[in-house]
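According to TrEMBL:
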| type | residues | note |
| --- | --- | --- |
| DOMAIN | 27-131 | domain 'Ig-like' |
| DOMAIN | 243-336 | domain 'Ig-like' |
| DOMAIN | 725-806 | domain 'Ig-like' |
| DOMAIN | 809-898 | domain 'Ig-like' |
| DOMAIN | 901-996 | domain 'Fibronectin type-III' |
| SIGNAL | 1-22 | signal peptide |
Amino acid sequence: MALRTMLKAPFLLLGLLTEGLAQLVIPASIPWGFWALPENLTVVEGASVELWCGVSTPGSAVQWAKDGLLLGPDPRIPGFPRYRLEEDPARLGEFHLHIEACDLSDDAEYECQLGHSEMGPELVSPRVILSILVPPKLLHLTLEADTMVTWVAGQEYVVSCLSGDAKPAPDITILLSGQTLSNISANVNEGSQQKLFTVEATARVTHRSSDNEQLLVCEASSPALEAPIKASFTVNVLFPPGPPVFEWSGLDEGHVRAGQSLELPCVAQRGNPLATLQWLKNGQPVSTAWGTEHTQAVARSVLVMTMRPEDHGAQLSCEAHNSLSAGTQERMSSLSVPAVPPSAITILGSASQVENKKVTLSCVSKSSCPWVLLRWWLGWWQLLPMEETIMDGLYGGYISMSNLTFLARQEDNGLTLTYEAFSEAFTKETFKKSLTLNIKYHAQKQWIEGAPEGQKLWAGTRVRLVCLAIGGNPEHPPSHGTREVTESRLPREPRRMQLGNVEKSGSTFSRELVLVTGPSDNQAKFTCKAGQLSASTQLSVQFPPTNVMILVNASALRLGDALNLTCISVSSNSQVSLSRDKEGERMEGLAAPPRRAPSVLLQVSSRDHGQRVTCRLRETVSSFYCLNVLYRPEFLGEQVLVVTVVEQGEALLPVSVSAFNWTFRGYRLSPVGGPRHRILSSGALHLWNVTCADDGLYQLHCQNSESTAEALLRLDVLCLPPDAPTIRALQDPTEVNVGGSVDIVCTVDANPILPGMFSWERLGEDEEDQSLDDMEKISKGPTGRLWIHQAKLAQTGAYQCILDNGVAPPARGLVRLVVRCGAPHSPKVAAAGDSTSFATLHCRARGVPNIVFTWTKNGVPLDLQDPRYTEHTYQQGGVHSSLLTIANIISMEGCEGCPDPPSGLKVVSLTPHSVELEWKPGFDGGLPQRFCIRYEALGTPGFHYVDVLPPQATTFTLTGLQPSTRYKVWLLASNALGDSGLADKGTQLSITTPGGKEGLGRLECASEDV
């Protein structure tokens, strides 16, 4: 705008130029026509840069070139959204190129070009280079960063560090323990894009133990970085431990005392892992417990032991090793334990012996130095040994042994026998071992006090028996050792006796046995023993019979069989009397001798099954036998044979037998039940929702192992008057997508409900349209279904559900099936615009009910009364058609040769900040075309324009969007002659970016009209 103003006012322009040039100092090296030239610049990726261009020739068209590609004079520089021309209205001739957020694509040569004008010829500035520095984004070590890597000291390892894409190639340094490694080799390779480089640095490292837990760091430096980037990991170096050391000086000297308790520490310094320690004595492990102190890098093991004489001369050693040790490191010491007295003395032999028999004992001392002398004492009397022996012991000591034999006497019982060991070297210590003599001798007398033998006792009498014994060693308290009976005790008779404790009075022992007599105690012999002596007594007990039994001649009985029952009494010691009855009714019998009753003969019937026959003994003892009678099924007199029920009610058909099966009209009813029946646990048949069809005879079949029986039960159903059918529910219309499946459901009210009462018809003019061969008809109860699988457009139309249950009139219901499909694509029709040509447009549609067509031009309905428009409509089956003929076609004012609008604009993918679009290009008008996108955020004023690159692309990702925002997007095509238009003919859609409550918006397309 400022430039146009200066051209219209030359005098004002001349004054401004004179004043401006007078104030501007132009260097002598700048070519004529420029007052400022661009310079070579270097910037870091992501920064903004400005290339200067000052023009001293007014009225000239100025544009920039990038690698020879002209960017155009438009200050917005279409196709390069990050480029713009900076113009300062206060200073004429400024055309600085400003680039935002530089990236590698901006790394190029640039020049400022001044077009030809009235004030001068075309001029071009020298080419300058804009160099973009790209810092490396990451470093990658061959081993995972920020971890701990285990290596072995003394071995060589190879470490590689790889940088990411960068420009220029970064310098890589590898450090270990803060020191830079010297033998680093680096290879520079091409990056993932042109002008980018990657560097791989390799170093060989031989680790030392001092490198343990140190960092190995890879650093990459570049002019594009303010500070180097780093990647590192911690080195875990494995190395062997140092030799073990004793931390107790006395162990090195080897002098210890017997009985002394020692804590011997062994320490091994350093090592990774820390050493494992173990103690050995004479080559055998004695302790494998150790601990570690990681802060001090020390392994420690403490051996706790008490010195014994046998430890004299023992070799004590401590071993240390870990997984890196070439061998076991050992520290050894030899123990020296001075001689000591015997640690113990032992008496061999038994101090228990029978009177007047010889007692032989031996006494042995443990190893001592010097040897000890031995003496025997019985009470206050010293006994002389038969033999004394001195033998060599362990670890330079001596063992003393003495043998003693003497005669056991009754008066020596209870005396103490003492063995004594002493020596002049141990004047303060005397070692003794004692035991008490136990001389065995017999008791002198034993007897039983209580009921005298031969006395008759009644069963249930309480009897007290006492056993007594005098003298004896060991003391022999009396015990009732045995009990002999002439008849075995009955299994059900409880044990009714109590044995008391042993009591002593002086040299007399006693023990009491209290019992309540029973049948099993008759003629039983009770024996009491005390040592080798024993005493016995025998009881005589009288008792009545204890049990009765019934014997039969057969176990399985059938109708008419004769059963012989015999009642027997068991084990009585007196005269008995038996009686018999059946279910309380007395059965007569003959007088019976003791223990046996006469037989009873019984003729059995079905009513005797399960009854009991009882045999009683003096109203105190009884036994019964339960009769098991096998007989064929029998119906009782109270069996119901006729049941009456009202239709749709419930009925219960009872039974009076236990084994049965139900059948109706020759079909067996399932015992597990059905939709309208259930067999109860009692056998009764329960029916509900009874219909007239359930009326009839029901057969009850009974069977057991003996025979079978049958009965017929009649069910009388009182039927209700029939109802004419009516259609209760029918969904109209029923819709389905092309290729989908759908059920047309018809629900009715009818009585009766019969199988096959549903039928279907398709309403249409053509016979082909009335076929239902590709559809499945299903009916169940009051519901009929017409199932359509993989619906086709040809199946669209009206269908009729017909219900006929025999009650006039049949019910009919109409339902319309709508098969949904996408709108058909109309081909483009071309005609010459010479005012004499005509064109015919054909529009077809399939639908229910009949379709009404409306024609529009540019969104405005056509006036079909105009003589230039003629419409003809017709129908073929379910397809409706409309033909529109347009006469005297003339060309409208517009762009001749411009491209057609693109079509099929759609969303491929959508994110909160971007949307990927795809479309189909239209006719290009015979020239190369390109595309432009216009979009706006609803509620925000202003449009945004983005050129599609490359120009012929049919997909493009639009970025810079905001989440949860609704946008409108337009697409137009253009070539050298013009564009396809945007407002009326362009293709548009609405979208909503994710992140808010709404999802993806609907796609709204508008196509051009002919």
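Any Cβ shown, glycine's included, is placed from N, Cα and C.
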Notebook entry, point to check: Which whole number is the mean pLDDT over the domain 'Ig-like' (243-336)?
Noted result: 78
Note to self: Assess whether the domain 'Ig-like' (27-131) lies in contact with the domain 'Ig-like' (725-806), where contact requires at least three Cβ pairs under 8 Å among residues 6 or more apart in sequence.
What the structure shows: no
Check: Where DSSP helix means H, G or I and strand means E or B, what are the helix, strand and coil counts for the domain 'Ig-like' (243-336)?
Finding: 8 helix, 50 strand, 36 coil
Note to self: For the domain 'Fibronectin type-III' (901-996), how many residues does DSSP put in helix, in strand and in coil?
What the structure shows: 0 helix, 50 strand, 46 coil
Note to self: Based on DSSP, tally up the residues of the domain 'Ig-like' (27-131) by helix, strand and coil.
What the structure shows: 3 helix, 43 strand, 59 coil
